[in-house]
Amino acid sequence: MSLCELAASGSSLLWPRVLLFGDSITQFSFQQGGWGTLLADRLVRKCDVLNRGFSGYNTRWAKIILPRIIRKGAGLENPVAVTIFFGANDSTLKDENPKQHVPLDEYSANLRDMVQYLRSVDIPKERVILITPPPLCEAAWEKECILKGCKLNRLNVAVGEYAKACLQVARDCGTDVLDLWTLMQKDNQDFSSYLSDGLHLSPLGNEFLFFHLWPLLDKKVSSLPRLLPDWKDVEETKPELSLLGDGDH
């Protein structure tokens, strides 16, 4: 069969999508050993993992761009799961970083608005995972700030308030949530090894996030089939019998 004949006889393959929406911790997640890369590897031939991370962004800006990323009427192209991972920038100290700072009440409202928007475009709450910001290692981050010629512009206690707000939004909206801020500090452990500069994730921190996120995500994608048959199961003499239409799975 020619390629044109094959195109006419086979149904289109719809590749399910997992959307990662967040700030720099999401943007950097596709670096070597990043948590997004680990997810993509785990979901090979089941889902495409899309990185929609925007370094430096807060929920005020995220709320504006979300409708440009996921449009109403996408139907079958809608993600099977969405992570919303903001707060590291919203929680900056207003006096030191007014551009990125978002007041706590507005942060909560923005998260809630984004979950409600997803519902309005047929992505139900069961597909959504909120992720709290990780804890801040102030000593390490202060060194980074000094190198940039500024004062310490974040405090872990403030980040914790935003993490609590994220948890409350998840409870109110009925979404899953990963409380990264609490988990990384469980039993008063030294969490500095999870962070590369006091704020962003180290290789160990990426593994930690993946390990705790996967069970939540797996619930949403476990029923999805592996796309196309294993090579050992492809019909040898007439491969199109295996590779077109109902043989996709």
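The backbone N, Cα and C atoms fix where each Cβ goes, and this holds for glycine too.
The annotation active site, proton donor is assigned in Swiss-Prot to D197 on the grounds of similarity to another entry. Annotated active site, proton acceptor per Swiss-Prot: H200, in sequence order. Marked as N6-succinyllysine by Swiss-Prot on the basis of similarity to another entry: K63. As annotated by Swiss-Prot, site 'Transition state stabilizer' applies to G56, N89, with the evidence given as similarity to another entry.
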Quick note, the residue listed as 'active site, proton acceptor': same-chain residues at least 6 apart with CB under 8 Å of its CB -> S24, I25, F28
If we take the Cα of N89 (site 'Transition state stabilizer') and draw a 10 Å sphere, the recorded positions of G56, K63, D197 inside it are G56
Across all protein chains shown, the one of the recorded positions G56, K63, N89, D197 with the most other Cβ atoms within 10 Å of its Cβ is N89
Integer Å value for the Cα distance linking K63 (N6-succinyllysine) with D197 (active site, proton donor) is 27
Cα of D197 (active site, proton donor) to Cα of G56 (site 'Transition state stabilizer'), in Å and rounded, measures 15
